[in-house]
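Listed in Swiss-Prot:
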BINDING   ASP48, SER49, ALA50, TYR51, ASP52, SER97, LEU98, GLU131, ARG154, GLU190, LYS306, LYS330  NAD(+) binding site
ACT_SITE  LYS133  active site, N6-AMP-lysine intermediate
BINDING   CYS424, CYS427, CYS442, CYS448  Zn(2+) binding site
DOMAIN    637-719  domain 'BRCT'
Amino acid sequence: MSDLSDTRHIPVETLTLDQAAAEHAALVREIAHHRALYYGKDAPEIADSAYDALEHRLAGLEARFPELVTPDSPTQTVGAAPSAGFGKVRHRVPMLSLDNAFTAEDVDGFVEQIARFLNLKEVDGLEFVAEPKIDGLSLSLRYENGALAQAATRGDGAEGEDVTANVRTIREIPDRLPAGAPSVLEVRGEVYMVREEFFALNRRQAEAGEKVFANPRNAAAGSLRQLDPSVTAKRPLCFFAYSWGDLSEPLGATQWEALQRLKALGFRVPAQSRLCRSKAELLDYYAGIGAGRAALPFDIDGVVYKVNRLDLQERLGFRTRTPRWATAHKFPAERAQTLLRAITIQVGRTGALTPVAELEPVTVGGVVVSRATLHNADEIARKDIRVGDTVVVQRAGDVIPQVVEVVTERRPADSAPFVFPDHCPECGSAAVREEDGAVSRCTGGLVCPAQAVERLRHFVSRNAFDIEGLGIERIQLFYDQDRIRSPADIFTLERREAQRLDRLVAMTGFGRKSVENLFRAIDARRRIPLDRFIFALGIRQVGEATAKLLARTYRSVGPWTERMAAAAAERSANPDEAKKPELVGEAYAELCAIEQIGMSVADDICAFFAEPHNRDALDALLKELEAVEDHVPPPRADGSPVAGKTVVFTGTLETMGRSEAKARAEALGAKVAGSVSGKTDYVVVGADAGSKAAKARELGLTILTEQEWLDLISQPGGV
């Protein structure tokens, strides 16, 4: 599903806002997809470490660009919505997730953050409970007056699935608690399956011709979430208790005491848990558990550290979806050796050419791996990876496993270095490598089949042509039926299908009225402003802001296309000139001279116009439009107190939304940026302003409140 190779190799700190926003949107979709598979269908497509890497990258993007954070971002939510097949249970105390630590430095950071929060001068002596992180399905058990009243999965953290009937069939979970138990007790823990029972279950499933499970976690989750409790009753499920939710009385003063109390009430708790009193002891525990991991009867994917004293847990509290007083220290990825059969080239939805290793199937960490990413041409050359090599494969932080090294002593004598293609294997267009970049990219953006659906989705999106009723599902359907293959095809659809409308209705499943409404929506977009037209073409690095700069500079579509074609011709004639645009040509130098564009963006625009397929598609599109409206300079910018100034908005504004604030500023001739730099003139801060305000203070920039900003733009020349 993923095509994040375009920018994932780029450090977050060097991304533009447009790049970050595009990657952020893709990551949100990707993570939502995998959460639905993991929590809703118990059928994950990727390793836990790969999923962790996606969330880690998303968190990094949002830390660098706080304006990208939305309430439904995976960083602000937990798990996935409950399935429609079960009743819903609202958790009285939310079932939150845990932050992850991957290195000793991460653990140091976790402990030091706690010390700073609690204002402790010494971190040694602060007690933690360390316990294995069971790889299973989270479960909450509610007991009322000693009797099991309800059992629910975690779901999205706020609402889970009612699996009470199924849980009553699990022998390790008591139906009644002994005397002295709290009148209300929610026990939280993990449903799991020991490996020996998992293998036996898979043998029985295979003999019966039924589905076999990829790993014990999937087997446990799938067994618990059966609609028929009698199926669950036949599955060897186990349960570890490690926490609690709603309580009528405390279980103890510390995490350790509470675990012992749960054990006394009849629940199994991890025998491998340990009380630790320093960072060194935490890391020793991690190393010991890791070394003995294979000998454990159940799967674990790391260890969990929790502050022992419950009063300190309460003081530390929670972030949006994770407690400050706990973290999960994950184990590194697992490795195996296998044969590299072939190297194939995949073309992603934005044109990135990604090499993929086709492998002799091998089991890595319980999952059969037959393909692995090779990232890019540089990685292949650096590691000298060749077809026929024996390679080491790792399940790590990528969407598919990766090849980490070559076993050169087993290399065939007749092997040859891999030659990376210079043309797209999908459409034959030139594949161009960006200056100072690692990714080769197909330049046939408007015609390449591998990019077509994503390009068309972008073309009709809200800030481009904004064609109502032509969403991703319809685009995919029309593309699969060979009805829409290029932007121009959208505007010829009615002409081509009008005489066979009934057939179109029958083949698409749309109602006649729906199709007629779509035709009207398409016709309504035959006129479009120049900046939206430029943005709609999906040229790499040309986001909304850059499209507006181009529209302001060239004013009309004719001059713009002519000058871009001229710049592309100049660049093609001078491909090696890397530092002086004026030596390339007049049109190219003019393009590079536009503020905030430069050679990198100019080269991507030139690559687009240098490809004949794109020019043909562009000509065909222009023939179908009534007009691409000339750019009209913003009114009353002359004399405006903010004309020519660079403005950054941060935090929540009270009197207007971010889009309105941006539009008003631009109408006054200001440039609205997404990040703070030394070139920023004004930083307007609303409620809950974050890192941008802090950076503005560090740089000594002018910081305005919302009211001060409104007062400023209300001066003569304002709107």
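In case you wondered, yes, glycine gets a Cβ from its N, Cα and C as well.
When the Cα atoms are compared, ASP52 (NAD(+) binding site) and CYS424 (Zn(2+) binding site) turn out to be 32 Å apart. For CYS427 (Zn(2+) binding site) paired with LEU98 (NAD(+) binding site), the C-alpha to C-alpha distance reads 45 Å. Taking the centre of the Cβ atoms of CYS424, CYS427, CYS442, CYS448 as the Zn(2+) site, the nearby residues of that chain (Cβ within 8 Å, site residues left out) are VAL347, GLY351, PRO425, GLU426, GLY428, SER429, ALA431, THR443, GLY444, VAL447, PRO449, ALA450, GLN451.
Closest to LEU98 (NAD(+) binding site) in space, going by CA atoms and restricting to the recorded positions LYS133, CYS424, CYS442, CYS448, is LYS133. Set side by side, the binding-site residues CYS442, CYS448 differ in how many other CB atoms lie within 10 angstroms of their CB, and the most is found at CYS442. In three-state terms derived from DSSP, CYS427 (Zn(2+) binding site) belongs to neither a helical nor a strand segment and is classed as coil.
Under the DSSP three-state reduction, CYS442 (Zn(2+) binding site) is assigned to strand. Each residue of the domain 'BRCT' (637-719) gets a DSSP state, and the totals for helix, strand and coil are 27 helix, 18 strand, 38 coil.
Across the domain 'BRCT' (637-719), mean pLDDT in this model comes to 81.
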